[in-house]
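Down below is the structure, laid out as structure tokens.
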């Protein structure tokens, strides 16, 4: 037996419907992990307020030390270094916390890093 001949189908009419999709830019921006967030509310929390107070008082400390003749005494030079170093470090951490960068680098134990460096510098200052 021979197979039956193929049936011819009539041509289908072409559809003129165009389907498009769009998305909101802000929805993609908030869902993206590559954008920097800015946490304005951090400055209203107790750690944020303490950090701002530390920046203001640290600026006062190293300004007062710089106003003396600290270069005549080696101990004052070390105090000046510690004051300026930790003031800059505090500004750095304020920027990290306000931009929420710490959430993108979870491998770094931030509390341990800060506490260890503080203990080392003030431990050496006490010697």
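Backbone N, Cα and C define each Cβ position, glycine as well.
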TrEMBL record, transmembrane segment, of the ranges 30-47, 48-65 the matching one is 48-65
Among ranges 1-26, 79-104, whichever one TrEMBL labels region 'Disordered': 1-26
Same-chain residues at least 6 beyond the ends of the transmembrane segment (48-65) with a Cβ under 8 Å from one of its Cβ atoms are 42, 76, 79-80, 83-84, 86-87, 90-91, 93-94, 97
